[in-house]
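*Asks:* Provided herewith is a single structure, encoded as structure tokens, for subsequent inquiry.
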Amino acid sequence: MARAVSTRRMAVATIAAWIVALIIFFPILYTIITSLKSEPEAIQGFNLIPSFTLESYVTVQTQRDYFKPFMNSVVLSVGSTLLALLVAVPAAWSMAFSPTNRTKDILMWMLSTKMMPAVAVLVPIYLIFRDTGLLDTRLGLTIMLTLINLPIVVWMLYTYFREIPGEILEAARMDGATLWGEIVYVLAPMAVPGIASTMLLNIILAWNEAFWTIRLTTTNAAPLTAFIASFSSPQGLFWAKLSAASTLAIAPILIMGWFSQKQLVRGLTFGAVK
Amino acid sequence: MNVRTLLLGTCSAALLCGYANAETLTIATVNNGDMIRMQGLTEDFTTKNPDIQLEWVTLEENVLRERVTTDIATKGGQYDIMTIGTYEVPIWAKQGWLLPLDNLGADYDVDDLLPAIRSGLTGDDGKLYAAPFYGESSMVMYRKDLMEKAGLTMPDAPTWEFIADAARKMTNRDEGINGICLRGKAGWGENMAFLTATSNAFGARWFDENWKPQFDQPEWKNTLDFYIKLMNDAGPQGASSNGFNENLALFQQGKCGMWIDATVAASFVSNPAESTVADKVGYALAPDTGLGKRGNWLWAWNLAIPAGTQKAEAAEKFIAWATGKDYLKLVADKEGWANVPPGTRTSLYENAEYQKAAPFAKMTLDSINAADPKNPTVKPVPYVGVQFVAIPEFQGLGTTVGQLFSAALAGQMSVDDALAQAQQVSEREMTRAGYIK
Amino acid sequence: MATENTRGLARLMLAPSVALLLIWMIVPLAMTLWFSFQNYNLLNPANVSWTGLFNYKYFYTDPAFFQSIWNTLLIVGGVLVITVVGGIAIALLLDQPMWGQGIVRIMIISPFFVMPPVAALVWKNMIMHPGYGVLADINRALGFQPVDWFAQYPLFSIIIIVAWQWLPFATLILLTALQSLDGEQKEAAEMDGAGFVSRFVYLTLPHLARAITVVILIQTIFLLGVYAEILVTTNGGPGYASTNLAFLIYRTALLGYDVGGASAGGIIAVILANVVAIFLMRAVGKNLDR
């Protein structure tokens, strides 16, 4: 009896979940499908079965090389993430384990730095970048992306570290562990999942940042967001081509996300669990 | 050790020299078909000039405009060549941001450039500040078969009255035929390009001689009333989000009886590979109302050199190549005469092969010649520009006004409200910018 | 108990990020503040002069100003409602045993990986376009007139697009929280004969309070600055119907090239954001403390 109910319940849940998932996934799916259509096919009306032509991908690649912006996206998102972690891990660590009265205030203040609308500071930043020679350099953009995402990184790490029980530290100290040993042998293993998912989230945010990555680059440092900007709204409707370019721009991060979703989820709680 | 250092030193010096010889030009351009074709053909240039390499920054129009404007105004020095419109050239030239192009070479033949286009790119000092890559005006494109079915004949130079009448007669919504497709999407380069040019034919103007906005005048009300009634009776569904691209697709699929837009569209609608109505398209001048001005605009995408560049010489070489006569020949050889960038050179329109390949050639030329940016309106104005006002404030103002008119077209605002608000924002902006004392 | 030694070390470890963020915040903020008192049009750099508070006055007397603030709040509020309610519903669904859970989860989190301009382009061209969009095709198949989404419901359309992007984020956080709910407690409640609704209201919802707070806080920070989706789809219109504060600043800065006005707008936006933040902390912040 109980068995039968649960099978039926499972079937209902399965169907409902698949419907919801397909609706949510549909825009992406349809983009991929459209990218495999020919241009006239793409605007002919609803059609889920494309002619599987790779024509649009070929056109996109001949029109603009994919590899360089792709490499830039990788370098920028990974680079800025590592840099952000380098600065944020010690900060979050000290906030979590030696909190003072000010800790909360500092945290809120860090988050509030994200509230300045980017476009309002474009001219000041452009002038600074021009004077320091950072325009269109990977270094400049890496720094930029690091700074933009630093508050979120610090916060996420802080909330994760705070879940690590302090007693373990005490115990280790009793055993005569040095501070260094404390970090390497006791805390690091517990902190790794949180750091890993922070890293993943930050890579996603940096990959998808589409204001500064277009405004501060020309050729050398331009990532995939600029690649997309060279295909959006051309003269005429080229939806198959636009879909192919979109697919190319989101595919790497989508695949990374799919493979690492378990890792991502584990630390993506911002202290919300418990 | 010393020898090695020395060797290394010479090597790197040699390398440096090598790099110094091969100059890299960074070219910012818009992602329109003609520019993309040019990128595919640059091998011709680089084989002729092995010491010059090209780096392209291709962006969609609005992002491109933001990027190059920010860069040139802050002297960022990121580009050696910029693709800019007829709107920017006079404003930037006046600021001293562009280098004059006076070394285009002996065989460039500046006098071959179409006078209307050339005059818009020439500064007050008589020097050319940008070279046109392609130029356009606007004209009527119509379906000959539908016109015949409605029992009408399109004159070469129609009036708005005729167009409206024909549009209403051609409309057959059961069969999905809209008599007329016009731009409705908000933007200074979208609906306002069309409406500003049209308002000229209705005797309206943006500003009077003292820069006072004129939206409270009856001419603007006539223009907007006429446009919205016509679109309600004979326009497509959701016209307030249609720009050039959307209307192009509608026309190509046979859903429009007439379409008034850029002359470059002619080569798309008459191309059988893209258009289902390729063999049924006729062309006419943009309509007037008998007041002496036609609603046809003038636009060109041009190549210009920002004043900050260190590579002016190489940049000018490239511009001479890309906008020269030989380039037209090169495109014709590789991709056929119909794909040649139009609207820049008189010699192209005298070329028999081109006339044969492009049935719209004559009408394009007549349209371009009929536009007069220095004298665009019936009543006198203090500004230059047919479908825009060549002042720095126009982009922002034009877009805001475009939003209001788009809302009126969508039925979310009355014509009177839209005009009153347009008048209010224009007065505000012009007062602030110091035009109205 | 932290010793003097570790406390000093803690300060040292905190210093780099605080210093970096301080510079990152102070330098552009100071420049923005400075420019906000200048009459500075990018296209007319020769004519820069001190104007005092004029830019502020000009910005807030903009006919679109009050509507843009209202629209900003509507976007934030609308997206939050959709993502929190939808996120809870989907999280509850995903918490059930089912076949193919892995694939379902992958599909549901996917929109989070799509860059905002691509998301906007896809929705605009392929989903909501009145001529060729999928929704229009569905309408026509059912015998209705296609809806011109961006002309008729501009703000709602934008809220949908943005909510689509943030729904996975909310779902993930809520799902993780839901899964940490003690199985024994659930069973006990079930044994007591508590129905689904009362179990949800008295057990699940209080348990999720913290997660909901986190979702609201983080999303608000990002949602206050939404502009790319507006730029790609409606350009702020028709009229000012979909102009939010970030887009109004965008229009001032990159269409009008009015650096002074945009800077003043930026300062106003920061103040508004802080008001919202304080309000939020008052309203839900206590959920964060244990």
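Cβ from N, Cα, C; glycine included.
For C:69-280, the entry in TrEMBL reads domain 'ABC transmembrane type-1'. For C:12-37, C:69-94, C:106-123, C:155-178, C:208-228, C:248-281, the entry in TrEMBL reads transmembrane segment.
I'd like these features described in context: how deep, what's nearby, how far apart.
*Replies:* The list of residues near the transmembrane segment (C:12-37) in space but at least 6 beyond its ends in sequence, with Cβ under 8 angstroms from a Cβ of it, reads 50-53, 55-56, 259-260, 263-264, 266-267, 270.
When Cβ-Cβ distances below 8 Å are used as the criterion, the transmembrane segment (C:69-94) is approached by residues 101, 104-105, 108, 155-156, 158-160, 162-163, 166-167, 169-171, 173-175, 178, 200, 204, 208, 212, 215-216, 219-220, 223-224, 226, 240-246, 272, 276 of the same chain, each at least six residues removed from its ends.
Long-range neighbours of the transmembrane segment (C:106-123) within the same chain, counting only residues 6 or more positions beyond its ends whose Cβ lies under 8 Å from a Cβ of the stretch, are 90, 94, 157, 160-161, 164-169, 171-172, 228-229, 231-233.
Note on the transmembrane segment (C:208-228): residues 72, 75-76, 79-80, 83-84, 87-88, 116-117, 120, 158, 162, 166, 169-170, 173-174, 176-178, 244-247, 250, 269, 272-273, 276-277, 280, 284-285, 287-288 of its chain, located 6 or more positions outside it, place their CB under 8 angstroms from a CB of the stretch.
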